[in-house]
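Novice: Before I ask anything, here is the structure I am working with.
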């Protein structure tokens, strides 16, 4: 018997293994299988895709399956089909797509115990088998890790020797899932002083010296390999610290919400969603009760015995939302996100597979939970860029949800106060239905938004006279205020007026941000930290510190109003979901009068006493100078101002140097359809998505000197595919250097006709033209930002 096995490898192929002796646990599609791989016979976990009694063409030197650890499949045919689409659309291998979603606990590598069964062999053993048996008998427990046996015995084809011993009944294999014992949050901290020769190791030691602890995940994101980390730990230069992170937090008491009645408008939306055969977009002004509508839809599907997945973009939203969903549905809800430990992820995965839980709430990874009898997928805040994965495959969870719902014939519900241009375009084409809730619950009016022209208005620092007057009036009236600025830190730039020098990260071509709380200059790209200086290192002139972040806004506000209770809500004050939930709870309880926040302050929160929002500088909302900039400004203004006046009339001020900019004018006047119509018109005129399919090609160079060869190879690529893609000139990226790598990019477009075939050809040509050891190429299909 033979099995076709899929492994987590960046290659577009499967591997065949022979199989014998598994009558009690026969192989089947979707089951895990542990197999030897490569010359060193490293054990890897794979997934069985098919079982064959014989091979049409014999294959020489086939390796044998080491173990089938489960009696049940770990994935479904539908999950695999969705992953096939992910690999095709997002230019990855099928293994990379599937294993991105399977919990780490299931991916055993070398975590195998070999145990003596206290049964003497009935047949003669080979010398290699006797060596294994002798090592086991030396151990007090009569069991050893396979990796230990491999290290001690140096036997070739050790996995085959073990398999033979299992067949002879002498030993048994036990799977030990090491990931279940280790929390997800692993930190690296500086160890004892030591001399390390390697350049990358010295760079990492420098980073660790400036920061007490750095998450290993962040260290790897900076480009440091596992081998560098391992070497530093083995030499004592660094230490690993394990921290368990819980997402449960304190209980959030909520009354039973199952009897809450929908308003007439909400009821119409509910009826249209259930009666439509199309995927559906539920849009509506902020505070219109979209959540109440989609939770009632979810409750209906649960009544029908169907499974439900609710996706949210941010971990910060999950603790309270989980309690709210449970209160509405009267059902236990399981949480699934990247912050869970491997054991917790595996537990939720199995609950979904067995149908033990019907409703799942989670971030990106939850989109492919193997939910039994899936009936509904809800994507809340569907426009949010957090749904885009930044590791290969670079998938967008919204698009995966759309495809999965189509494959499994489930209902798809997209929800947003400010839908993505893509979703509005789909509605215009008739591909999805739409219902727009025009009024807030309780007939409470939308905030009146006033635009302040900073070119004309008198101001103190970043605060216009009009803004300060409004702040004072609102706070004196016992109401809360939110001041929104999408930047952390104190000063955003440090430069020299005399010679033009500016403080930049050594490894990234970006300005350093001064954080007063830590008295450090921090790179918001790679996380490296530097000690601030007062004099220019080039000409010794006094340096100028300029720009605004949340820290400076907070300080200047307290200088003006020292008795006010002000709190920052940004990634520096919110370290994890639990601390975030606690801070948000304190804001709701009225502990603070003014909230100074970044993007995390404007996403989905419902502050009962908040009646005024001030957007300090609208120009900062674009995020990046790309074709989505107007969309981001429009969405951010409405999301931010929408926090005001949920339970009583509210107001907002938008400060800007360009009050005539179309997305600002459309947003402050609540002209949704006007904005989307103009935005789509402009994109069609310029040939931008969604009328075309956009792909960002990003090339990274480890060192200078390869630019000419890179451009020549890119020209060859554009020549070969000239009739299928539109290739602009290859240019340095807007941020030309990150983590020591030089970056070049091109945003190419193509028509939607035969797009999967064209993407497959693009991937193949890039793999041939750009060898990975020289040019690291990232193929980002439908990027959310071009930086």
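Residue 1 is the first one shown; counting continues down the chain.
Yeah, the Cβs are placed from backbone N, Cα and C, and that goes for glycine too.
Copied straight from TrEMBL:
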DOMAIN    271-437  domain 'Helicase ATP-binding'
BINDING   496, 499, 536, 539  Zn(2+) 1 binding site
BINDING   505, 508, 523, 526  Zn(2+) 2 binding site
Novice: What other residues of the same chain, not counting 496, 499, 536, 539, have a CB atom within 8 A of the CB centroid of the Zn(2+) 1 site?
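Specialist: Residues close to the Zn(2+) 1 site, other than 496, 499, 536, 539: 497, 498, 500, 501, 537, 538, 540, 541, 543.
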Novice: With every protein chain in view, how many other Cβ atoms are within 10 Å of the Cβ of residue 505 (Zn(2+) 2 binding site)?
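Specialist: Summing over all protein chains shown, residue 505 (Zn(2+) 2 binding site) has 24 other Cβ atoms within 10 Å.
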Novice: Could you tell me which three-state DSSP class residue 539 (Zn(2+) 1 binding site) falls into?
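Specialist: Note: residue 539 (Zn(2+) 1 binding site) is coil by DSSP, not helix or strand.
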Novice: Hey, what's the Cβ neighbour count for residue 499 (Zn(2+) 1 binding site) at 10 Å?
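Specialist: Other Cβ atoms within 10 Å of residue 499 (Zn(2+) 1 binding site): 11.
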Novice: Of all the binding-site residues given, namely 505, 508, 523, 526, which is spatially nearest to residue 536 (Zn(2+) 1 binding site) at the Cα level?
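Specialist: Its closest listed neighbour, by Cα, is 505.
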Novice: Could you please provide the mean pLDDT value for the domain 'Helicase ATP-binding' (271-437)?
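Specialist: Reported value for the domain 'Helicase ATP-binding' (271-437) is a mean pLDDT of 94.
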Novice: With every protein chain in view, what's the tally of Cβ atoms within 10 Å of the Cβ of residue 539 (Zn(2+) 1 binding site), excluding that atom itself?
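Specialist: Other Cβ atoms within 10 Å of residue 539 (Zn(2+) 1 binding site): 11.
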Novice: List every residue in the same chain as residue 508 (Zn(2+) 2 binding site), at least 6 positions away in sequence, whose Cβ is under 8 Å from its Cβ.
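Specialist: In sequence order, 523, 525, 526, 528, 735, 737, 738, 739 meet the Cβ cut-off.
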Novice: Spatially speaking, which of the binding-site residues 496, 499, 539 is closest to residue 505 (Zn(2+) 2 binding site)? Use C-alpha to C-alpha, please.
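Specialist: Checked the binding-site residues 496, 499, 539; minimum Cα distance to residue 505 (Zn(2+) 2 binding site) goes to 496.
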